[in-house]
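A short worksheet on the structure shown next.
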Amino acid sequence: MAELGELKHMVMSFRVSELQVLLGFAGRNKSGRKHELLAKALHLLKSSCAPSVQMKIKELYRRRFPRKTLGPSDLSLLSLPPGTSPVGSPSPLASIPPTLLTPGTLLGPKREVDMHPPLPQPVHPDVTMKPLPFYEVYGELIRPTTLASTSSQRFEEAHFTFALTPQQLQQILTSREVLPGAKCDYTIQVQLRFCLCETSCPQEDYFPPNLFVKVNGKLCPLPGYLPPTKNGAEPKRPSRPINITPLARLSATVPNTIVVNWSSEFGRNYSLSVYLVRQLTAGTLLQKLRAKGIRNPDHSRALIKEKLTADPDSEVATTSLRVSLMCPLGKMRLTVPCRALTCAHLQSFDAALYLQMNEKKPTWTCPVCDKKAPYESLIIDGLFMEILNSCSDCDEIQFMEDGSWCPMKPKKEASEVCPPPGYGLDGLQYSPVQEGNQSENKKRVEVIDLTIESSSDEEDLPPTKKHCPVTSAAIPALPGSKGALTSGHQPSSVLRSPAMGTLGSDFLSSLPLHEYPPAFPLGADIQGLDLFSFLQTESQHYSPSVITSLDEQDTLGHFFQFRGTPPHFLGPLAPTLGSSHRSATPAPAPGRVSSIVAPGSSLREGHGGPLPSGPSLTGCRSDVISLD
């Protein structure tokens, strides 16, 4: 019990680094804060205190608090009686009780040596390196050896020597391959590896900090530094095996020397080893994977049934499962579907592409779930092999609850041709009329006015909207009369009138002309003007929609608001109007818009025939006015 209490006291005095080393030595999790690490170490001490763990605790404690020894002059002080000094002068230690005198209190500042030096690390610890899939070990040239710290300096140095046997030398020389550029490579190589000096499990490659390696006096190239993850962080190299074959002496009589320089770290030791290996390719590993065999398809079917089994406690049940036959790495159809045994998904990836990717940069990470997928855990899925062989024209399948599957054909969606957007007021669309032969049933045109309320009692069903053929009715515009007739704030649209000569009475009665009050009364000086006399041609027909609307009170006042009668507008018209139309047109009532043109009765009688000859203004521009 006393020894257990002493060990507990030692553990409680450890720092984070010592606690991590102790937990790593025992194979426990060494991540967490100091109080968590301390609790784990104390639990380890209470639960299973093996002799090796006790020795490790004592070793770490001796490193943490090294004991000091006395020099020759200090040992002479111990032979004197307490309270006296070598020269008879009062000693400063005379006032200290003899029981409190320890060897550590008698040490000088520069005469400190270890009374019990720490136990040296084993030269050949029981360290095993993790096997590499792309390298096959042929022999061990240097067993895993500890990079021991021999001094208290920051930088350490170690020397190693190895020699090749004639058989090993012959293997290297026969594997030589000449590469482009006068370079030669060897498939059988001399490989140098570093790792942590831990015996709990097979160790991965791990470089010591500030590592420099010289082989036979020549500096060995190392992998480049990785970019630092944060500012101020010390750059690190990617830990991987080092090929020292180009620097080695390929001789059976001359040994090879290796000099290693690194920075020592308290509580962390490293190990070095040299192997003779044969480098493999992705194709060789694929053949080895095929040689392992294909997994029984029933395993995958059982996994599918397990995933699709309805959970009674869940309200949502999965009845089918879609899986792609495309490789997530190359976006191509699978050829050798494989996945790791540790993966819980059904999606497979192509084994050839996966091995080629790891040959360039070994990560061994599943491209589907981003979990570790080492080469030893890869399997070829037999169910997917059957699917690929039986279904060659689909890229996706669907699994059912019973483990069966069916191909998912890609649906070709018909392209929808969207009609061009219509323009005009109230969403009305007007389509151009094709000149040519038209059927007689299309001569009657129906116009739907959206301004009439749809809830009228007279209409049982809304009339079908039809497109009106268009012709342009020319209305003269006087030269130099800009601003004489201007539109108001309401937008104006284009007048569309049918091309035929007669219209039905239903069209004339459907025009809601009584709902448009005049915007402004007309002045007395332009009420007697007849604008139809200024049309360019005599044979031009008036549009019935224009003729009818001119008789109503909202004719042009809704679209043209008169803002004044400038003298330059009425000046050129006075001679013409006085000689031609002033006598033929009766005086209209003031304030009616129809007085601008003519009385409605006279226009209705002659709208179907040609107009009488009359003067017209040269250079007049035809305009189109909308009445809807």
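Positions of Cβ are set from backbone N, Cα and C atoms, glycine also.
Quantities reported herein were computed from a predicted structural model and do not represent experimental measurements.
Look at Swiss-Prot and you will find 1-200 tagged as region 'Interaction with CCAR2', backed by similarity to another entry.
What Swiss-Prot records for 11-45 is domain 'SAP', and it gives sequence analysis as the kind of evidence. Sorting the domain 'SAP' (11-45) by DSSP state (H, G, I as helix; E, B as strand; all else coil) yields 24 helix, 0 strand, 11 coil.
Per Swiss-Prot, motif 'LXXLL motif' is recorded for 19-23. Taking the motif 'LXXLL motif' (19-23) as a whole, pLDDT averages 85 in the prediction.
Look at Swiss-Prot and you will find Lys46 (among others) tagged as SUMO2 cross-link, backed by similarity to another entry. Every protein chain shown contributes to the tally, and the Cβ of Lys46 (SUMO2 cross-link) ends up with 10 other Cβ atoms within 10 Å. Lys46 (SUMO2 cross-link) falls within a helix when secondary structure is assigned with DSSP.
For Lys56 (SUMO2 cross-link), other Cβ atoms within 10 Å of its Cβ number 16. Taken from Swiss-Prot, the feature SUMO2 cross-link applies to Lys56 (among others), supported by similarity to another entry.
Among the features that Swiss-Prot reports, region 'Disordered' is placed at 72-95 (among others).
Residues or ranges marked as domain 'PINIT' by Swiss-Prot on the basis of sequence analysis: 115-280.
Sequence-distant neighbours of Lys230 (SUMO2 cross-link) (same chain, 6+ residues apart, CB-CB distance under 8 A): none. DSSP assigns Lys230 (SUMO2 cross-link) to coil in the three-state reduction, outside any helix or strand. Among the features that Swiss-Prot reports, SUMO2 cross-link is placed at Lys230 (among others), with the record citing similarity to another entry.
Swiss-Prot lists Lys307 (among others) with the feature SUMO2 cross-link, giving similarity to another entry as the kind of evidence. The secondary structure of Lys307 (SUMO2 cross-link), as reduced to three states from DSSP, is helical.
Positions annotated as zinc finger by Swiss-Prot: 312-393. For the zinc finger (312-393), residue counts in helix, strand and coil come to 22 helix, 18 strand, 42 coil, using DSSP.
Under the heading Zn(2+) binding site, Swiss-Prot lists Cys343, His345, Cys366, Cys369. Long-range C-beta contacts of Cys369 (Zn(2+) binding site), restricted to its own chain and to partners at least six residues apart, with a cutoff below 8 Å, comprise Cys343, Ala344, His345.
The region 'SUMO1-binding' annotation in Swiss-Prot covers 450-460.
What Swiss-Prot records for Lys466 (among others) is SUMO2 cross-link.
Annotated SUMO2 cross-link per Swiss-Prot: Lys482 (among others), in sequence order, evidence recorded as similarity to another entry.
For 573-618 (among others), the entry in Swiss-Prot reads region 'Disordered'.
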Practice problem: Quick one: pull the CA-CA distance for Lys46 (SUMO2 cross-link) versus Lys56 (SUMO2 cross-link), whole Å only. | Solution: 15
Quiz item: Across all chains shown, how many C-beta atoms besides its own are within 10 angstroms of the C-beta of Cys343 (Zn(2+) binding site)?
Solution: 20
Quiz item: Taking the center of the Cβ atoms of Cys343, His345, Cys366, Cys369 at the recorded Zn(2+) site, which other residues in this chain have a Cβ no more than 8 Å from that point?
Solution: Arg339, Ala340, Thr342, Ala344, Gln347, Val368, Asp370, Lys371, Ala373
Practice problem: Show which residues of the chain containing Cys366 (Zn(2+) binding site), separated from it by at least 6 in sequence, have their CB under 8 Å from its CB. | Solution: Arg339, Ala340, Cys343, Phe349, Lys372, Ala373
Exercise. Report, in whole Å, the straight Cα-to-Cα distance of Lys307 (SUMO2 cross-link) from Lys56 (SUMO2 cross-link).
Key: 48
Quiz item: DSSP three-state call for Lys56 (SUMO2 cross-link): helix, strand or coil?
Solution: helix
Quiz item: Around Lys307 (SUMO2 cross-link), how many other C-beta atoms are within 10 angstroms of its C-beta?
Solution: 14
